[in-house]
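Novice: Let me give you the structure first, and then I'll get to my questions.
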Amino acid sequence: MYHHSPFYPHHLQTGEQDLDMERENDMDQNSKNSTQKPVKREKRRYRCRKRSPATIERAKTVRRDKANARERRRMNSLNDALEHLRGILPALPDEPKMTKIETLRKAQEYIASLSFQLSGGSPDSSQCCETGSCGLCSASQSLQSTPFQSPCFPQPLQYPSSYSNPPSQMYYHHHHQSPSFPHH
């Protein structure tokens with residue numbers, strides 16, 4: 001496409017010729033590469049105003065403060081949940097506050113013991129704990145001071161006051177027989 005006009009500047013005519021040739025080459029390549037994915041154009045990077053070091057530091061501080069606040073809320077939520085769990089688990093009145101890992105392990109044992117109780121199973125304590133057949137007894141070796149060490153022995157949360165059992169029998173040591181509960 002040539003423009004020979006006295007009103008059309010010469011330097012634009014050659015530039016337009018170059019553009020026309022590029023377009024033709026592009027069309028030829030597109031027809032040859034029609035099976036290939038189209039080439040993505042790079043995004044333009046616009047220059048943005050440079051921020052001062054003080055502004056950058058303030059932005060970093062704000063981001064860090066927000067992250068710290070999120071982490072603090074997460075930890076408070078976790079601690080509240082663990083405190084609630086400690087309140088549900090049976091414990092001796094003079095027992096010191098359990099650590100997080102002790103609380104989780106004891107909860108695991110307590111759930112397993114309640115499951116055994118619901119299923120009507122009452123495995124022999126020595127057999128279970130010697131063979132480790134329940135899978136949890138071996139995990140409880142670090143918790144020998146807790147009211148129950150094996151899921152083989154369910155622990156009640158509380159006996160109703162109508163029962164004649166003294167409070168000292170509410171908790172059982174590792175190899176004692178599990179109580180039988182009355183059926184309602």
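Glycine is treated like the rest: Cβ placed from N, Cα and C.
Keep in mind it's a predicted model, so treat the numbers as computed, not measured.
Summarising the annotation, Swiss-Prot assigns compositional bias 'Polar residues' to 28-37. Residues annotated as compositional bias 'Basic residues' in Swiss-Prot: 38-52, 172-184. Look at Swiss-Prot and you will find 1-55, 164-184 tagged as region 'Disordered'. For 62-75, the entry in Swiss-Prot reads region 'Basic motif', with the evidence type sequence analysis. Residues annotated as region 'Helix-loop-helix motif' in Swiss-Prot, with sequence analysis given as evidence: 76-114.
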Novice: If you average per-residue pLDDT over the region 'Helix-loop-helix motif' (76-114), what number do you get?
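Specialist: Per the prediction, mean pLDDT sits at 95 for the region 'Helix-loop-helix motif' (76-114).
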Novice: Could you put numbers on the helix, strand and coil content of the region 'Helix-loop-helix motif' (76-114), residue by residue per DSSP?
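Specialist: Helix, strand, coil within the region 'Helix-loop-helix motif' (76-114): 28 helix, 0 strand, 11 coil.
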